[in-house]
Amino acid sequence: MAVTMKIMSVLVAALGILSFVFGILAETKKPAAGVPIIGKVMVICKYPSDPTLAYAWLSFGFLLLCSAVGWFSIFYSYKGRKAPTSVFFRSSTFFSFFTITLGTIGLSAAFLLWPIATHHHPNYNITGNQDPHSATCPTAKTGVLGGGAFLSLNSSLLWLVWFILASNAREDYFEDLDSVEKPKHVEKAEAGHTTALEDDYSSEIISQY
């Protein structure tokens, strides 16, 4: 089956939705806090096992896949015809969506990676001047993973808008290209048709004699 922009659009949307779903799961499964085990001079934080990290990594992975497929789809040679990259960036609208899309992807990646980094919480000790009886065992900031999930979904929607702009730019380019090349073919066809008529006319005259 030939690769079409419609197929690639569906694939990008599916990857964006998967990234969103896993990001939301990571947010909802994240424990609010660890359990402090109070000692005489320290507090040991005990965290329950949870799938937050796995879901967060899956969300981040699907975000990367969505971005890679989206980028590949923009500049892919559909039907064996490739438009130069400069054709797309002539439009200020295309360039604006290009900047917004990359910015959204960057924010989404940051929102997903920050909790991943802070959620890598092996049991640790709280020492120092803190009162052990008032110490807490925090986890990753609430809402960040959910925000990253929504930004990931938004980035996939921006890719779809980018596909429409790229498709229009590609069609305009090939229409202009065909309009330049077509007259040459028409002239050749007309010249060949005229030559054939002249040959037929000459043969008729000769046959009369």
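Every residue number used here counts from 1 along the chain in the order it is shown.
For all residues, glycine too, the Cβ spot is worked out from N, Cα and C.
All annotation found in TrEMBL is predicted automatically rather than curated by experts.
Per TrEMBL, signal peptide is recorded for 1-26.
Annotation comment: TrEMBL describes 54-74 (among others) as transmembrane segment. Sequence-remote contacts of a segment are chain residues at least 6 beyond its ends whose Cβ falls under 8 Å from one of its Cβ atoms, and for the transmembrane segment (54-74) they are 5, 8-9, 11-12, 15-16, 18-23, 25-26, 29, 88, 101, 105, 108-109, 112-113, 115-116, 119, 145, 148-149, 152, 155-156, 159, 162-163, 166.
TrEMBL lists 94-117 (among others) with the feature transmembrane segment.
Sequence-distant contacts of the transmembrane segment (144-165) (same chain, at least 6 residues past either end, Cβ-Cβ under 8 Å): 5, 8-9, 12-13, 15-17, 19-24, 26-27, 30, 52, 56, 59, 62-63, 66-67, 70, 73-74, 88, 91, 93-94, 97-98, 100-101, 104-105, 107-112, 114-115. Residues or ranges marked as transmembrane segment by TrEMBL: 144-165 (among others).
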Which residues, given as numbers and ranges, are at least 6 beyond the ends of the transmembrane segment (94-117) yet have a Cβ under 8 Å from it?
19, 23, 26, 30, 52-53, 56-57, 59-60, 63-64, 67, 70, 88, 140-141, 144-145, 147-149, 151-152, 154-155, 158-159, 161-162, 165-166, 169
